[in-house]
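**Student:** I grabbed these lines from TrEMBL:
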BINDING   A:Lys106  NADPH binding site
BINDING   A:Glu191  L-homoserine binding site
ACT_SITE  A:Lys206  active site, proton donor
DOMAIN    A:351-425  domain 'ACT'
There are 2 protein chains.
Amino acid sequence: MSVKIALLGFGTVASGVPFLLKENKEKILQSAQSEIEVAKVLVKDDAEKDRLLAAGNDFDFVTNVDEILEDSDIAIVVELMGRIEPAKTFITRALQAGKHVVTANKDLLAVHGAELIAIAKEHGVALYYEAAVAGGIPILRTLVNSLAADKVTRVLGVVNGTSNFMMTKMVEEGWSYEDALAKAQELGYAESDPTNDVDGIDAAYKMVILSQFAFGMDVQFDQVGHKGIRKITPQDVAVAQSLGYVIKLVGSIEETPSGLVVEVTPTFLPKAHPLAGVNGVMNAVYVESIGIGESMYYGPGAGQKPTATSVVADIIRIVRRLNEGTIGKSFNEYSRPVQLAKPEDVKSDYYFSIQTPDMKGQLLKLAQIFNQEDVSFKQVLQEGAKDSVARVVIITHQLNQTQLQHIIEKIDEEADFTLLNTFKVLGE
Amino acid sequence: MSVKIALLGFGTVASGVPFLLKENKEKILQSAQSEIEVAKVLVKDDAEKDRLLAAGNDFDFVTNVDEILEDSDIAIVVELMGRIEPAKTFITRALQAGKHVVTANKDLLAVHGAELIAIAKEHGVALYYEAAVAGGIPILRTLVNSLAADKVTRVLGVVNGTSNFMMTKMVEEGWSYEDALAKAQELGYAESDPTNDVDGIDAAYKMVILSQFAFGMDVQFDQVGHKGIRKITPQDVAVAQSLGYVIKLVGSIEETPSGLVVEVTPTFLPKAHPLAGVNGVMNAVYVESIGIGESMYYGPGAGQKPTATSVVADIIRIVRRLNEGTIGKSFNEYSRPVQLAKPEDVKSDYYFSIQTPDMKGQLLKLAQIFNQEDVSFKQVLQEGAKDSVARVVIITHQLNQTQLQHIIEKIDEEADFTLLNTFKVLGE
């Protein structure tokens with residue numbers, strides 16, 4: 001007997017779902033133990049329906065979601081519309097109607113996940129969303145199943161393809177931020193308003209979900225610090241190169257003695273670090289844990305078929321559980337009380353790029369500021385002055401957030417100094 | 001209620017199992033939904049038992065396997081003795097006694113897997129072995145679950161840590177094979193007889209298992225071509241570098257129009273390929289598929305805690321299924337008839353290193369040989385002659401196994417030429 005599913009939305013990713021169901025029919029049948037049939041597809045209006053039918057799509061397109069929610073033959077609803085509304089309302093109603101839900105909607109999950117998970121639990125139905133983090137990379141289910149015996153201590157992720165494409169152009173070809181953005185927009189990777197991608201908001205959503213799966217903590221979106229790539233200059237990139245680093249936008253989750261710290265920020269990665277080679281629109285999630293040690297999961301973070309592969313894997317899992325009679329298990333059962341780190345426990349090496357007039361004693365003055373805060377230098381680079389202005393670059397040994405704050409304030413107090421940029425540096 | 005397990009063997013990996021069960025107790029309980037207790041541990045003899053007790057190990061050590069196999073309280077037997085016998089007999093008897101089995105024994109699984117899987121099926125018990133391929137990398141379960149909707153077209157794996165450590169020394173530091181082997185032996189990575197590691201036998205075992213999970217085909221060990229790293233010279237490594245490649249021992253499984261080809265062989269990897277950066281004892285499995293496209297799974301291929309993490313993940317899965325009442329599912333359900341590729345469908349770029357006397361017309365003669373076989377050159381490098389002997393290096397465009405055979409024969413027929421080495425080259 002076949003299991004009937006309905007798609008909400010028929011954009012790029014959604015159309016990949018019937019493609020995979022057909023192309024890999026036999027393998028999917030072995031795994032799911034039932035055939036899977038796309039019974040209905042919700043589209044916006046009659047115009048879209050007519051356009052899709054004219055293009056040769058042979059599905060039962062409907063324009064009213066009730067035709068899906070009230071259809072008792074439909075067991076699984078696959079939401080691929082994106083954005084918060086009406087997706088949230090449709091998912092809520094589907095769960096309440098006893099239907100299992102698969103979604104790739106990371107914004108929704110990151111902001112309203114707890115609410116939706118509770119509704120799913122209440123109604124004994126499944127809510128799966130492997131595709132919500134890093135598209136085609138099977139990271140969520142791997143954390144649930146394969147790292148069940150492990151304790152994760154840190155997660156680092158290059159999880160935004162658009163900004164990683166831009167950073168790759170900036171690093172490998174020396175492009176400016178503006179040129180990289182223009183190219184990303186030309187290729188359709190970046191939207192006309194690129195805020196979500198370049199300011200680290202999209203990556204922060206993914207870090208919220210990864211915090212739940214890797215650390216069992218339901219961190220809120222506004223507890224995730226995020227700083228984007230807009231301010232990175234070709235000079236920063238060149239200095240990073242010359243000191244043996246690659247700059248990337250990295251999301252990190254780390255467990256400190258006082259609790260978790262979650263942030264998204266441009267980060268200097270040592271060139272030998274596995275994440276340093278993750279280029280273009282590719283994504284990767286790097287996991288440090290007490291059992292495995294270090295592992296990395298690499299793949300495309302977006303795109304039709306990669307995302308649809310994760311969506312169909314979720315659908316297969318649900319069908320399988322329906323056949324086994326074990327449906328209703330939460331996607332992620334790991335749960336601990338949320339505890340956030342104190343600023344003094346949040347430690348990292350840091351990069352400072354400081355502009356000073358080219359005169360005697362300036363480096364000494366800088367050294368004194370860092371010394372007062374008990375912070376020592378790992379690498380220092382003073383560049384040849386131009387127009388009587390010098391640039392000093394400092395990479396420090398570990399400092400905590402309190403020290404960082406004090407140093408920034410003290411540099412700001414000195415009229416001579418302009419703090420151009422400060423970024424996190426991943427130690428070897 | 002707790003689930004009782006028994007360990008067969010208490011070597012390095014085995015002792016990592018109780019470590020993880022204790023260290024991550026709470027998380028494991030959330031996932032398994034039962035406590036897991038190490039009830040008995042099989043050791044070789046009383047001397048080993050006394051030694052382990054004296055060292056402070058607080059377990060019920062037994063020296064007769066019957067004490068485990070006849071103990072109806074023990075639900076899961078964890079085999080970590082390695083080698084074929086007595087592991088095979090013990091696992092067989094455990095399965096026949098209705099016990100679920102977890103093992104990390106790749107040799108055994110690669111050679112006698114089908115037989116053991118059939119016994120497990122017959123008795124409705126589970127036989128899981130995530131740790132058998134690439135230790136801490138969760139590749140098998142990921143192929144089963146997350147790539148259930150996908151069709152894999154090629155798998156490339158750096159899956160032998162010892163040879164990869166040696167190749168890393170040879171590539172990054174220009175060491176000879178002999179020096180690299182001595183260092184690997186000194187550090188305990190290589191055994192005094194390194195055959196299994198350096199000749200690609202260990203990697204071939206893993207390719208057998210990966211063929212089952214990624215392609216559903218039960219390829220036999222003797223159907224896997226394997227060629228090791230013994231013959232790689234510093235000259236080969238240097239030429240590879242100068243042409244933009246890194247040499248590694250790579251296992252590959254590829255589906256051609258006529259069937260599967262599985263082999264382990266030194267391979268030139270373009271420097272930008274994700275596998276090219278997998279260094280030291282680290283392992284990685286790179287997967288090409290029609291859905292995800294390209295993905296890579298990176299981590300430690302061996303070691304106490306990484307391997308134990310995979311073993312405990314298997315144990316948790318069994319306990320979970322015991323609690324759900326769904327035990328007995330095969331670890332891998334993907335199955336298709338085995339079909340091996342015809343030689344003319346097995347295609348790759350190739351590297352040839354040829355020694356010739358330094359005299360006119362030699363390159364022309366070589367060019368004629370390749371031309372007769374319709375094989376064109378991608379890169380050619382002739383090095384300055386020393387002692388009237390020149391070395392010509394050729395990287396070809398794609399050629400098939402029949403062409404390769406003919407070219408090798410023709411070069412051998414020419415008394416002037418000595419074929420020093422020929423290796424696979426991964427195209428961009």
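Cβ coordinates are placed from backbone N, Cα and C, and glycine is handled just like the others.
For the listed features, I'd like the structural context: burial, neighbours, distances.
**Tutor:** Secondary structure from DSSP puts A:Lys106 (NADPH binding site) in a helix. The 10 Å shell around the Cβ of A:Lys106 (NADPH binding site) contains 23 further Cβ atoms across the protein chains shown.
For the recorded site, A:Glu191 (L-homoserine binding site), the DSSP three-state label reads coil.
Take the CB of A:Lys206 (active site, proton donor) and look out to 10 A: across all protein chains shown you find 25 other CB atoms. DSSP assigns A:Lys206 (active site, proton donor) to a helix in the three-state reduction.
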**Student:** Pop the Cα-Cα gap between A:Glu191 (L-homoserine binding site) and A:Lys106 (NADPH binding site) into the table, whole Å please.
**Tutor:** 17
**Student:** Test of understanding: give the count of other CB atoms lying within 10 angstroms of the CB of A:Glu191 (L-homoserine binding site).
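**Tutor:** Around A:Glu191 (L-homoserine binding site), other Cβ atoms within 10 Å: 12.
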**Student:** Would you mind reading off the Cα separation of A:Glu191 (L-homoserine binding site) from A:Lys206 (active site, proton donor), to the nearest angstrom?
**Tutor:** 19
**Student:** Average the pLDDT scores across the domain 'ACT' (A:351-425) and report the rounded value.
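**Tutor:** The predicted confidence over the domain 'ACT' (A:351-425), as a mean pLDDT, is 92.
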